[in-house]
Structure formats: structure tokens, C-alpha cells
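One structure is given below, encoded as C-alpha cells.
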């Protein structure tokens, strides 16, 4: 029974739960690695000593947080749980493929961990650029294992994307138009399209790298007429849509949370929100070379990528101001989920502003590969994606489990985390502006002060993570059951109660026009 339920599951709720648990577990591993990084950088001089090991830790931290924490939780966990409930579908379109998507991830994770434990590990950075990732600078099987890991994670995501697109287009009730689906459903569908279009390009790039390393091809080797810059184009054609894949489901969740705790029945500017997400998805594919301003692109190429990148700020701004307009005049409830959403809006906006700075190719020449870039993408990931995940988690926790979190502790957890991440990443802007480069395990004494502050911040975040584990335990131990949910008419995922029965919407739902 246990094996049938959890290993061979075809139920979207169970698979969503598996994704959430797997993502939480991977998140702990990724957090541990990030604390190793900050411990090394907490003072001048060496702690680990070996730069190769340091870079293996940095690389693994990135891969784990992206492919095994944010994506499984946002798309696999929240997506699986909520999308069928929100559109009134009995399950996903392909329930067994759904199960396969999940079970490809643990082997993928295992391969990634294996890549660090054999030979010297893959100390390439998450971008895996040749020639550093070639078979000379990285002899041994480490990089090959990392490539296979990416292949499995990529197949998992592509299958999941097919499943979500089919489900959302095909499994709505007959009367429901695409423009009546909730914004979270839209965000997952757009994310799925991005995955479907970008991951095959990554697969091509890393497969060419694999043959370069093992079969003596020269796709990325000038000695045989290849070009390492080709790899960068292939990687970033995936890599840039990927960062929007990481944040778009978060946008959807934030829209729901802000609407709910403002006491509104709908978000401000629904169609504008949909348009903005579609625009972001489209533009995300035509800006990839802004990651390559320092590789010698033509001046008019740089001009195009600078301006195209800045255009993305427009739909993003539409979303931010629509969230603020949703808040406006609302009956605001200061719940923990609302705090996460407000923190998201504020900090994501700051991350967006530093993104506008980096979009300028002339400025980026100076800031590329400094801690300014690290600060920028951690503001949008560590405080955008993660805050959205936390907000979604505390908002939908009663739906998933039937129990309620302790309100006061959940708020305390938010404030500890808020202080921790800001203390960790705000000083990194200063380090970057004064020229501290990324991916080095040591630095000149001049950079000591802000690195100390940053490392202290990381340990404050650690206490927040530990407190979160306790808060979840406390909720299960106290068993405070959900009495009633407000606004269920406009939030149909709550209609079946908390937690909903194993099978929901077995008869089609009828929607009043």
C-alpha cells in the first residue's frame, strides 16, 4: 500500500507532496553548501584551502538550488498541487508521466553528488564553460557525470512541461475560457512553454561538450575549427529563459497571495498581468547575450542586447504596480504569507533595479564577474523566488495538510529571514562596485569588512531555516485544524476543504458565464 501510493503514484496531490519534500531536502543541502561558501569568505585567508574544491561547492550550490530546490518546489510541488484544483480538473493530463518526471530527479541528484565525490569534482561554475570544462582542464569523469545529471533533470522538466501545457489547455471545464483561469495557472503554463523551448538547446550544448570531452569532436575547440563562444550562446539561450522560469511561478503565487490578503476578489488588471507574463516569456528568449558582453561582441550587437534587456523592465513594472494597485484600498490582513509577498515585491524590485544597471553593456564590462552580479541575482532569487516559495508555502500549508501554522512564529521567522538575506547580499553590491571578483576563495584585506557582514547575515538566515523546521513540526504536533476559509468563491482550490479528498472534481464543473 505504502509502495503503491508513494512509488507508483498517479495522483497529482501525492506527486506534488513528493516534489515539495524532495525540494525541501535538496534546499537543505544547497543551504549547507552556501554556508560553506560564506564560512570560507568570512575572513581573509583560506579555510578550505583548495580553490578547486571551493569552486565545486559553488557549482553544486547553484545546480542544487536551481534544479533541485526552486524548480521542483515551484513547478513540481505548487504546480502539481494547485493547477488541477484551480481549473477543476480531476488530475494532470498524463498522470504516469507525471510520476516519471518526479522519479527522474533523485537519480539526477545522485549523479550530481557523484560528480563532486569522484576525481576532483566539477569546479566549472554552473555555466560549465569550455575550455575549463574540457577534458584537459577537467580530466576525469566529474564533468561528464554533471552533464548526465543535467540531462536527467532536463528530461524531467520537459516531460513536466508537456504535461502542464496539455493539462491547462485541454482539461478546463468546457465553459471556462483561457482568460478565466487564475494567474498562477497562467504563470505555470508560460513557464512550461519556456522550459519546452529552452531545455532542448541546453541538451544540445552539453551533449556537444560531452562528445568534445570523450569522442574527440571539436565543436568548442578552435584547433578543430570549433568555437568556445558557440557553447556560451547555446548555454545562455537556455540560461536566460531559465531565470524567468525560476521567477514566473513566483509571480503567479504572489498575485494570489496579495489578492487574497487584500480581501479582493480579483487581482488588479488581470489581462495586463497575463500580457506582462507573456511578454516576459517572449522577451526572455531574445536577450541571452547580455551575459556575454565581455566576450567581444560587435558594438551594434551590444546595443541591441542592452536595449532589449531594458524592455523587460516594462512588463515587470506593470506587474509590480498591479500588485500595489491590488493592495490599494484593500482590507489588508497582515498574515505571514502577506509579509512574504510584501517582502517579495520590495526586494524583487531592488534586484530588478540592479538588473537595469547590469543591462548597460558599457557598465557591465566593469561589473561582469564581480560580486555586483552575485548580489543582483541573489536579490531576485534568494529574495524573489525563495520569498515567493515561503509565501506560497505558509498560504497553502493548511490546504496541503489540514493544519494551521503558529501565526506569531511564522511572522518571527519572516523577520529573521528578512534581516538575514539582506545582511548577506546588500553588502555584496559594495564589494562588486569596488571590484571584488566572483568565484575566488580568498580576497585582499580591503574587502574584509563587507565579507564579514555578509557571512554573519548567512548565519542569521541559517537560524531562520532551523526555526522553519521547528514551526512545521509544531504545526503537525499541535494539529490545529482549519475551521473555515474565506473567499472560496474566487479561490476554488479551497472548495473541497482542508486537506481536499484524494480525488477531486471527478465530475466536470460548470461555470456560470
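Quick reminder: no glycine exception, Cβ is built from N, Cα and C everywhere.
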Of 382, 434, 441, 454, residue recorded by Swiss-Prot at the Na(+) site of 40, 45: 441
Membrane_side_equal(residue 217, residue 292) from Swiss-Prot: yes
Additional site residue, 240, 256, 328 [criterion: listed by Swiss-Prot with 290, 291 for Cu cation]: 240
Transmembrane segment per Swiss-Prot - which of 447-478, 479-510: 447-478
Rounded Cα-Cα span from residue 378 (Fe(II)-heme a binding site) to residue 244 (O2 binding site), Å: 14
Neighbour-count leader, CB within 10 A, binding-site residues: 61, 376, 378: 376
Maximum Cβ pairs under 8 Å to the transmembrane segment (141-170) - stretch from the list 12-40, 51-86, 299-327, 336-357: 51-86
Integer Cα-Cα distance in angstrom, residue 376 (heme a3 binding site) to residue 61 (Fe(II)-heme a binding site): 17
Among the ranges 12-40, 183-212, 228-261, 270-286, 336-357, the one whose Cβ pairs under 8 Å to the transmembrane segment (299-327) are most numerous: 270-286
